[in-house]
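Per TrEMBL, the feature compositional bias 'Polar residues' maps to 344-365. The region 'Disordered' annotation in TrEMBL covers 340-367. Residues annotated as transmembrane segment in TrEMBL: 28-49, 69-89, 109-133, 153-176, 196-215, 244-267, 287-311.
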């Protein structure tokens with residue numbers, strides 16, 4: 001799981017609330033983290049691998065949006081790897097971990113492992129938050145025709161720069177002047193918690209707004225092409241809206257427990273004695289959400305692949321050949337043709353609409369989900385298609 005409490009575990013003089021969750025069934029908690037992270041990592045990799053039955057046609061040029069989605073999945077997979085490594089050491093070498101709580105100037109390896117593994121997990125999940133924010137920004141800019149592959153360099157600079165800056169700043173403030181003196185006063189802890197939760201709260205607040213504006217802009221764009229809003233355009237807009245809803249639903253499910261848990265622990269920290277009987281329900285709620293965090297935080301990676309690509313199946317294609325990978329198997333040109341009739345004449349339009357009706361009737365939900373898995377690829381393809389070239393200006397929001 002990913003929590004700023006991981007870094008405070010490394011402090012010998014940790015606060016009572018952190019000590020409460022740290023000493024609550026550590027074997028069970030580490031086992032839950034290992035199981036959840038392992039399942040999420042393996043299923044995420046399975047989702048991303050090419051599957052049999054996919055057409056062996058030339059791989060299209062990836063858009064910035066498809067690259068961002070892959071980077072989000074990569075951050076989640078590497079974050080799960082860090083959780084597995086940390087929890088395994090915590091379970092397998094209890095004597096090694098026990099030295100973290102002892103101020104020992106001669107043996108720095110336990111503290112180095114504690115700080116290093118916690119920073120690894122925080123950095124990758126923080127980068128995943130920033131990439132998710134970039135995805136929302138990119139989706140909106142694509143509709144406004146202000147984004148492309150060139151902007152991915154700016155996204156890299158912003159994401160990794162801010163993630164590293166906030167992580168290093170928070171850790172430096174927490175452990176200043178040394179690990180043995182951290183958590184001595186809120187002036188050390190508060191900046192660390194702020195830098196950890198800032199990108200998470202940014203996604204919770206900004207992404208729904210950007211997604212909503214993007215959906216509105218897509219509707220305006222589709223209407224502006226031919227001056228009408230047919231069933232095909234309505235279906236495309238609905239699928240895009242559902243995709244954004246899935247992304248935010250997964251994010252809220254996986255991280256709302258962190259906000260609740262941190263609020264409960266912070267409340268306990270303000271109490272003179274957290275072991276008082278009136279605080280029993282608060283302690284129990286904090287411990288329950290602590291275990292829930294160990295389950296849901298690592299599962300974000302797999303749940304995101306479901307939101308991004310749908311279920312891609314079990315049948316792997318292990319043959320080495322240049323195939324169109326699952327997350328880029330969009331028939332965006334077909335979507336554009338279906339959404340915008342050919343200007344060649346009524347007979348061509350009739351044949352196209354007839355073909356579209358047959359295709360829609362026989363397509364499964366999975367294929368529809370796959371065909372619309374990338375917003376920016378669909379819109380970019382439409383923008384570059386001659387059949388969508390009638391409308392030259394950006395959509396008004």
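Glycine is treated like the rest: Cβ placed from N, Cα and C.
Sequence-distant contacts of the transmembrane segment (153-176) (same chain, six or more residues past either end, CB-CB distance under 8 Å): 4, 7-8, 10-11, 64, 68, 71, 115, 119, 122-123, 126-127, 130-131, 134, 138, 182-183, 187-189, 191-196, 198-199. Here the transmembrane segment (28-49) sits apart from the transmembrane segment (109-133); fewer than 3 CB pairs are under 8 Å, leaving out pairs fewer than 6 apart in sequence.
Residues 2, 4, 6-7, 9-10, 68, 71-72, 75-76, 78-79, 82-83, 85-86, 89, 96-97, 99-100, 155, 158-160, 162-164, 166-167, 170-171, 175, 179, 196, 199-200, 202-203, 206-207, 247, 251, 297, 300 of the same chain sit 6 or more residues outside the transmembrane segment (109-133) yet have a Cβ under 8 Å from a Cβ within it. Beyond its flanks by at least six residues, the transmembrane segment (287-311) meets 1-3, 20-21, 24, 28-29, 32-33, 36-37, 39-41, 43-44, 47-48, 69, 72-73, 76-77, 79-80, 83, 125, 128, 243, 246-247, 249-251, 253-255, 257-258, 260-261, 264, 326-327, 366, 369-370, 373 of its own chain at Cβ-Cβ distances under 8 Å.
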